[in-house]
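Trainee: I'd like to ask you about the structure that follows.
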Amino acid sequence: MDVGYHSYETESTHTAGKVITCRAAVAWGPGQPLVIEDVQVAPPQKMEVRVKILFTSICHTDLSSWKGENEAQRAYPRILGHEAAGIVESVGEGVEDMKIGDHVIPFFQGECGTCICCRSQKTNLCQKFGVNPLKSVMVNDGKTRFSTMDGNPIFHFLNTSTFSQYTVLDSACVVKIDTKAPLEKMSLLSCGVSTGVGAAWNVANVQPGSSVAIFGLGAVGLAVAEGARVRGASKIIGVDINPSKFFKGKAVGITEFINPKDLDVPVHEKIGAITEGGVDYSFECVGNLEVLREAFLSTHTGWGLTVLLGIHPSPMLLPLHPMELFNGRQIVGSIFGGFKGKTQLPKLAEQCMCGTLNLDEFITHELPFHNINEAFQLLIEGKSLRCLLHL
Ligand code: APR
Ligand code: ZN
Ligand code: ZN
């Protein structure tokens, strides 16, 4: 990090309105090591914000996109990354809710505030700035704000592209938070923790005394556990094939563990046996159809609800026969935990600051930005929840 966040306002007076040259981790092709190189970042246009990224981490969606497992891989070169926190370097014309020096969190599921979805309390989708893995340019003019040193475009990713010391975002995809909030931890709210906690709070609406099963205990699954713990769930079952995740799980309120590899029956049968027929809620946080089916069958007939959080490679279809829904189980997908980023993230940040929500367990590693490929390996090998990169 070349500047502490307090001396920042002075620095930005030298860069506002100009092209900035900075370091970014550029993806040149699927599965190829990211290359840390100089890139040019254009000034923000109308209703855009240029942010100095101070901390970023790697989420499983970066990993699948990097590997080329979904549609998102098709634009190269590209700057991945969508979990981060930083400081506003400059704002484009018309931006009124943020100014130079504000502490901010980017978020991929934008909120324009005016479309029919944004005006509804029933959804956090946004017709204008909703996440779209195929989108790789800015909405304003269909161009990129990143370019190589010889002037060729570098594409954007998930409305955010945080693997860069500076990035340009639509103002609908970035929100100001309290300057007293610790930015290191706030980066977790940019995706994984919000996705998990919000799935428990906003999507499932977990009730006190209820039972929960969480499949996949990465940062997303453990954030579901934390959300369920805060809501007073009495039984929180964690399912993972990596036993090293069980230790962390305990700290966020998981009461029982199941390693499918240790069982000679399907996971749902085991869960049925220890819960009087099934849990009230199950959450799929892996991105695997077999796991999704187990999660579905693990809930109680009549009222069980399965929330899908994992990103599944396409093309894939739900592993259910339609008639199975007559058993009264429901299944629903959740993007960004149902949170409306602009209006709800500042309050979530406050809940972390006052200790309602405990984020202590999620950052397991910290590395300098230039070690980003090592951070990818930690996630691939299941060794990290989140490795915080310092830019
Ligand atoms: N059964 C149970 N757990 C599994 C299985 C399986 N068959 N396969 C993998 N897992 C576990 C892994 O051991 C790991 O602990 O799932 C966990 C996934 O965690 P991470 O790789 O850390 O991923 P995370 O960032 O938490 O994201 C989880 O949510 O947002 C989506 O794209 C994201 O699909 C991904 C999911
Ligand atoms: Zn993510
Ligand atoms: Zn909108």
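Every residue gets a Cβ built from N, Cα and C, even glycine.
Please treat TrEMBL annotations as automatic predictions, because they have not gone through curation.
Checked TrEMBL, it gives:
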{"type": "DOMAIN", "residues": "46-177", "note": "domain 'Alcohol dehydrogenase-like N-terminal'"}
{"type": "DOMAIN", "residues": "219-344", "note": "domain 'Alcohol dehydrogenase-like C-terminal'"}
Trainee: Per DSSP, what is the helix/strand/coil residue tally across the domain 'Alcohol dehydrogenase-like C-terminal' (219-344)?
Mentor: 52 helix, 22 strand, 52 coil
Trainee: I'd like the per-state residue tally for the domain 'Alcohol dehydrogenase-like N-terminal' (46-177) from DSSP, helix first, then strand, then coil.
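Mentor: Summed by class, the stretch gives 19 helix, 38 strand, 75 coil.
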